[in-house]
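Residues or ranges marked as compositional bias 'Polar residues' in TrEMBL: 589-598. The compositional bias 'Basic and acidic residues' annotation in TrEMBL covers 599-610. Look at TrEMBL and you will find 529-555, 580-619 tagged as region 'Disordered'. Annotation source TrEMBL lists repeat 'ARM' at 89-131, 130-172, 171-213, 212-252, 255-297, 296-338, 337-380.
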Amino acid sequence: MGNITSCCDSCFQGRRAQSYEPLLLENEREAVADLLQYLENRTTTNFFTGSPLSALTTLSFSDNVDLQRSAALAFAEITEKEVRPVGRDTLDPILFLLSSHDTEVQRAASAALGNLAVNTDNKLLIVKLGGLEPLIRQMLSPNVEVQCNAVGCVTNLATHDDNKTKIAKSGALVPLTRLARSKDMRVQRNATGALLNMTHSDENRQQLVNAGAIPVLVSLLNSPDTDVQYYCTTALSNIAVDGNNRKKLATSEPKLVSSLVALMDSLSLKVQCQAALALRNLASDEKYQLEIVKASGLPPLLRLLQSSYLPLILSSAACVRNVSIHPQNESPIIESGFLQPLINLLAFKDNEEVQCHAISTLRNLAASNEKNKLAIVKAGAVQSIKELVLEVPINVQSEMTACIAVLALSDELKGQLLEMGICEVLIPLTNSPSTEVQGNSAAALGNLSSKEIRTSSDDYSAFNEVWDKPDGGMHRYLYRFLTNSDTTFQHIAVWTIVQLLESGDPQLVSNIRNSTLLAPNIRNLSISRASSPSSSVGTPRSHHSHPSYQDTDAGDGLAEIQLLSRRILEFIDSDLEGIPGSVPGSHIQPGSSVGSSSGRDHEELRRSVREAFMPGSHR
């Protein structure tokens, strides 16, 4: 609020009482005398009830401007020192004073109302009693002090959710937007603060956009005032939550990204944090993902990521995660030095969200580039995941197992991952309470078991070592998935068994052939049956959610399960040492024939099943 000097006593004592004598009504003279006495004992007087409030009310409704000034100034000083819930009997005289044509009365009355609007109950009552209309009129005043107090009061009122829509529909947004450009920094702060408070719902954000707030907020990002920077950055961050608003920003505000990147180097930590969050929201769109990198946004993001201040770490990690969604950004992020800080954050046990953002970013960086996969493993990501994954929260487990599933797609890395003992932590997670963790862990195991081109030097001993342990090993995991009612899990199990048999490893082949748990259930799956429900593991997801299997139509999935199951049985019931391929001495490669199936049919089958293991819309 604007400064209200302690002048209530002087209002009366500065003018000798006799100067009022010819002009005052009897009740007004009594009110003046009573109020002077109450002010002398102000520390023990409750001005919000009884005779003190009655004296203030009498002066407020007087036709004498001097008395109105005295009442308004008294209300301003009293509420500056004490704020409590008040009733209509207190607010009515103040709201009446707001309608005065006298600037001094307006200034003091709006200050008093703004002070009272700090209290939650008062916020609602002020709006209910019609306080917005006179406040809007005062925002249009040519007097800067009146503007400042009126806008400050609206800012306080706008912190209550029940008031936001009423303020948006009252016509206040246009004058607020205009006053955000005020040359007076106090008015500018109050106006931008009020605009920020109006950005917390879809409807109000749209009202703000329609009122022309976007170009004003963007221009004020370059304000020299830290508070204005903070309010505008946060407001734009909230506005950028909406896709349509991002499109509008993209076409009308070409300097937005560069301004936000610059603010990540602000001296204010809260401005740095909000700038990163605003960029995070903008980076929900492909255009902004590329533009942030082009605008040299990676170096300040890396600096924030390595901060010791949690809000900075969280905001920058969230932003980098979204920026990493675009394939063209994968290599620039790695080349900028993000790998080790991201890997370090996997162990950031103080905040689960930071861990999720870090591992999701690593998964994104590994998505489409073999060189990046190798760099991630070389930097120690898999070793960290192995050490942490059994102890982290389920959401982090889901992201970590999904990352391993992506890395395991690389034929060059499969052997290295197996040597690192990653199966030892993946197998227990196939029995996780989370369906998503189960599916991601099984996908990783499946990807590790498959190879595009098999050679005689392929080493599958790692699968033999975990056949019966830990937690029942591969054996129990495959049994659980074969007997699961979810066709996606059944699909994963039979596909993985095919990969293990294709390896030709004598011990693996013997383990599968001699299992009394696997064969009966594979026979059941080879028989035509009604479709079973598929789990959410195969549900397509948004660009920032966990990876998912790209499962097929339920009918097609059952047919594939039957084909794979029958092929396994052909081998189990024969004396062969491995599932044969169409080329003598080789194993089945994608596209080769199986049994009586045509080459084309088998190629489509293999491609479909492999896709089921590839984390799908992780972006």
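Don't overthink the numbers, they just go from 1 along the chain as shown.
From the backbone N, Cα and C atoms, a Cβ is placed for every residue, glycine too.
Bear in mind that the values here come from a model prediction, so they are computed numbers and not experimental data.
In terms of DSSP secondary structure, the repeat 'ARM' (212-252) contains 34 helix, 0 strand, 7 coil. Same-chain residues lying 6+ beyond the ends of the repeat 'ARM' (337-380) with a Cβ under 8 Å from its Cβ atoms: 298, 302, 305-306, 310, 313-314, 317-318, 320-321, 324-325, 327, 330-331, 388, 392-393, 395-396, 399-400, 402-403, 406-407, 409-410, 412-413, 416-417, 544, 547, 615, 618-619. Packing against the repeat 'ARM' (89-131) from elsewhere in the chain are residues 1-2, 4, 48-49, 53, 56-57, 60-61, 65, 68-69, 71-73, 75-76, 78-80, 83, 137-138, 141, 143, 145-146, 149-150, 152-153, 156-157, 159-160, 162-163, 166-167: each is 6 or more residues past its ends and has a CB under 8 Å from a CB in it. Away from its own ends, the repeat 'ARM' (255-297) comes close to residues 218, 221-222, 226, 229-230, 233-234, 236-237, 240-241, 243, 246-247, 249, 303-304, 309, 311-312, 315-316, 318-319, 321-323, 325-326, 328-329, 332-333, 543-544 of its chain (Cβ-Cβ under 8 Å, at least six residues beyond either end). Sorting each residue of the repeat 'ARM' (255-297) by its DSSP state yields 31 helix, 0 strand, 12 coil.
Over the repeat 'ARM' (212-252) the predicted model carries a mean pLDDT of 96.
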